[in-house]
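Here is what TrEMBL records for this protein:
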- 1-80: domain 'MARVEL' (DOMAIN)
- 28-45: transmembrane segment (TRANSMEM)
- 54-76: transmembrane segment (TRANSMEM)
């Protein structure tokens, strides 16, 4: 999928494809990647009984998942606060 984004950017196809919201598609791309990283970390944690290598991999996977979520949060300034609708009359 990253190859598709690279080719679209390389050949400047984003100028032609105006029906796609590119910031939203990039956000979904990062969220899907973060979710897959979380799933891989959970699988590594569940299989890591008495194997220190898998325990370390699971810990680093959870740290990487947290950092990816923080990156998405800070990059797209996602907020859970509702905006006020002050209407001046």
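Backbone N, Cα and C atoms are what each Cβ position is placed from, and that goes for glycine too.
Proximity of distant same-chain residues to the transmembrane segment (28-45), defined by a Cβ-Cβ separation under 8 Å and at least 6 residues beyond the stretch ends, is recorded for 1-2, 5, 54-55, 57-58, 61-62, 64-65, 68-69, 71-72, 75.
The DSSP breakdown of the domain 'MARVEL' (1-80), given as helix, strand and coil counts, is 62 helix, 0 strand, 18 coil. Summarising model confidence by region, the domain 'MARVEL' (1-80) averages a pLDDT of 86.
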